[in-house]
Every structure is written in C-alpha cells, then in structure tokens.
Amino acid sequence: MKIDMRNISKSFGTNKVLEKIDLELQSGQIHALMGENGAGKSTLMNILTGLFPASTGTIYIDGEERTFSNPQEAEEFGISFIHQEMNTWPEMTVLENLFLGREIKTTFGLLNQKLMRQKALEAFKRLGVTIPLDIPIGNLSVGQQQMIEIAKSLLSQLSILVMDEPTAALTDRETENLFRVIRSLKQEGVGIVYISHRMEEIFKITDFVTVMRDGVIVDTKETSLTNSDELVKKMVGRKLEDYYPEKHSEIGPVAFEVSNLCGDNFEDVSFYVRKGEILGFSGLMGAGRTEVMRTIFGIDKKKSGKVKIDDQEITITSPSQAIKQGIGFLTENRKDEGLILDFNIKDNMTLPSTKDFSKHGFFDEKTSTTFVQQLINRLYIKSGRPDLEVGNLSGGNQQKVVLAKWIGIAPKVLILDEPTRGVDVGAKREIYQLMNELADRGVPIVMVSSDLPEILGVSDRIMVMHEGRISGELSRKEADQEKVMQLATGGK
C-alpha cells in the first residue's frame, strides 16, 4: 500500500494547525514522524485515519483518492492508529477491551469466546507478553495497558500501522519485544508510522524520518543520513545548547522524610529530600516507585511508616489531606488522574487552590484569572487562553497545566511521576528549567522517571528500587547508567 497525502491543511476555528502538508507513506517501511508537541503530528494522522476531515487537500491510496469518515472505516481498510493516551475501559476485562467493537460471533449470533481467546493469546505471544484475559484492565500497570493497545492492532489485517509514542510506558524488555514485532511486521510488508520523541528509538528502528514544526513539514530524510543534533534543531527551530539545564540552587536541610513506609506492593521504604534538592527515583517497571508516591499522597492506604515535613510527623489518609499539608503530586497518568479534560485551563489549574481565591464565600474571578494567565505565560502553554478546554491541548501542554496546578498551591514538597512522558524535547527542557526554578526557591522535589538519561541529568541524588524495596542510593557524581541498572535489577 502507498499513501500520498497532498496539500493537507487543517484549521480549528481560527487556529490553523496544519498547512499544505505533503507526506508519502509506503508499505514495508518504518517512517518516523517527529516534532514538538503541538507541531501537528497527531492531527495529521487523525485526518489519515478518519477521526476528522482535512480543511483542504487530498489523500491518495494506491493512486486512488480516498477519505475515511471514521477510524473504524480506516481499520477495515487496513490502517490502524494506536494513540498515545490509552483507549480502554478500566472496569472491563482484558478480553472485553481487546474485542470491543470487533466481537467475533458464532453462526447463532453468540460471542465466540474460544476464538477470541485464541486470537488474543496469539497477539500476546507475538508481543512476547503474558497477560491474564479475565481481569479488569484497570488492575494492570500503564505499561501492560499499553501492550494491550498494541495487541488490538494485531487483531486486524494491517497494511499501515500508526504508533504515537508506543514505548512511553514500556519497560526495556517490553520495548525490545515491540521492536521485534515492528521488524516482523515490516518484513510482512506492513508500513509503520512511528511518532516518537526518543532519539535512540528513531535511529534504532526507522528507515525514514519526517520533522514537523508549527503545522508544516520541515524536512524528510533517510534516517541513516541525519543525526540527533540536526533533528533537534529542525524540531525546535533553534539549537539546544544543553539538553539538561544547569542547576544552581543551594541544597539546604532535610525538608521531607519518609521512614519505613510499607504498602501493598512495597515495604520498608525510607528516604529524605533536602530543601532545593531534586531526588530521582529510578527502577524497572513494577519496582514499586509509583505505589510509594501514591501512598504518600493518600491515594493508596499505607500499612505502616511515618512521613515528616520540616521534622513534623504528618497524617495523610486522603489526597485532600496531602494537599492541605502542602504536598503536590503530578501522577504518571495525567488524563485519568491529573486533569478534567472537559474543564478549561483555568478551572484545572485552580482546582487544588480554590480556597486561596475565595473571599467571604465568593470566588475571586479576576485574581484567579490573572494568576492563571501568569502561569500560562511562564510555562509557554500554546493556545493558552484560560477559558480553553484542556482536552484541546497537546500532550506536552496538558502536562504543563498539571504542573501549574501544583505550583499554584505553593507546595512544601512536589512529587513528579514521569513528568516528561510523551513530551517533546523543547517542552522537556522547559519543564526541567521550571523544576530548577522551584528548587531555587527551596522546594524539595521527588521525581520518578523511567528515562535513565533524565534521571542522571536532572537529579541531585538517586534512589533505586527493586521489587518493592530500596536497593541503593547514588550521588549525582557517582551515578552512571551501569550502576543504576545494576541496582534496578537487584545487583549490588
């Protein structure tokens, strides 16, 4: 299959997001699509797969003009899109999620459970994963849910597969399994559109790379004929002098301390963070890092242990109590737990600090709007009108809104779980700079990240977890990838 997208433009009201795009996609090729959040990558692929129409332009498939009125039509034609944010129903089982809208029935009109199970297990086998079919999908980790999204696409007869940040929540082993599947699909003649911000993946897996910026295509090249510096410069329109900005904050006394904390999937976790310090938490998926942070914030119940702020023990049994104590928590799954997508930017940003803008029982609209606009300007949130629905923002800008929400409470401690997941290189640097500014003000920061270069580049100290326990601590000077991975896998 050959796809030619010609002169594609798209506007939402007065906001032009794509302008005169020409793009060719070919079966049997892996084609990377790169660009900052808001560059138009996902919008372009949504037009291809029928989620919404182009304002102008034409799509040719094997020389014939064709458009799809919805994604299901595109899937039936052999074009599938795995979105960055997972399209799952938490209460339904894995099997029900896999076959939702594509149920297989017997000649009597009943669900063919046997055949659906067989096909599901075949898809999992190709991915190299083992996931129970009869448990609610909401009980699974983000990484496992992502693998199920990928497995869905394998249930169809594929010609073109679009993947938007498919490895964002995957372990190294799951990523290697995914690459194996991608290479296998390529050998079968399937074309892959691979949207990613991860340079190492682009150079490892793709044949061609197209860079987008501000709704236009900047360049298309064979991947082997370019390099990461060139791609970054084309993506952001400027040279990034240092990927991780230099940190100048003075580290003060201990401000936040956790002692012998035990929960459902971890035990005896102890650590401390000083004023102005960024403490990184590393480990493999399933090591228990997120569970520790959720327990500290009162989302999950603790079994035992103590939490102190400024040497005073505090009791937290709910997120509202955590917020009152001055703890901010950016969760790893922003759309389910960090944002209300139907609310506008202002309402999302002021959710935890509503009382701060209330006088005599009345909400001070003027003061809150001014405050929110300052945050929008400071965080460079694109299309950032306070009244704009958060669901209309790109992933990177949504992440900035969540960050702004917690900055608004003037936190005594800030916990960030995968703060740059699915965020482009330019927005990542802006988030790092913001973290440094908060540290300069003395805010202690705990950062959970599966991005090892990020852990090494941003953290003052690093705690490593393995199978629910702290397996080691490393200073910034002594830490390197080998030492972190050794501790993450249970070594000493």
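Each Cβ is built from the backbone N, Cα and C atoms, and glycine gets one as well.
As written in Swiss-Prot, here are the features:
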type    : residues                                               : note
BINDING : Gly35, Glu36, Asn37, Gly38, Ala39, Gly40, Lys41, Ser42 : ATP binding site
DOMAIN  : 3-239                                                  : domain 'ABC transporter 1'
DOMAIN  : 238-492                                                : domain 'ABC transporter 2'
Q: Please determine which of the binding-site residues listed here (Gly35, Gly38) has the lowest count of neighbouring CB atoms within 10 Å.
A: Gly38
Q: Starting from the Cβ of Glu36 (ATP binding site), draw a 10 Å sphere and report how many other Cβ atoms land inside it.
A: 24
Q: Count the Cβ atoms, other than its own, that fall within 10 Å of the Cβ of Ser42 (ATP binding site), considering every protein chain shown.
A: 23
Q. What same-chain residues, at least 6 away in sequence, bring their CB to under 8 Å of the CB of Lys41 (ATP binding site)?
A. Leu33, Met34, Gly35, Asp164, Ile195, Met212
Q. Including all protein chains shown, what's the count of other C-beta atoms within 10 A of the C-beta of Ala39 (ATP binding site)?
A. 27
**Q.** Spatial neighbours, same chain, of Gly40 (ATP binding site) - Cβ under 8 Å, 6+ residues apart
**A.** Lys10, Val17, Leu18, Ile21, Met212, Asp214, Gly215, Val216
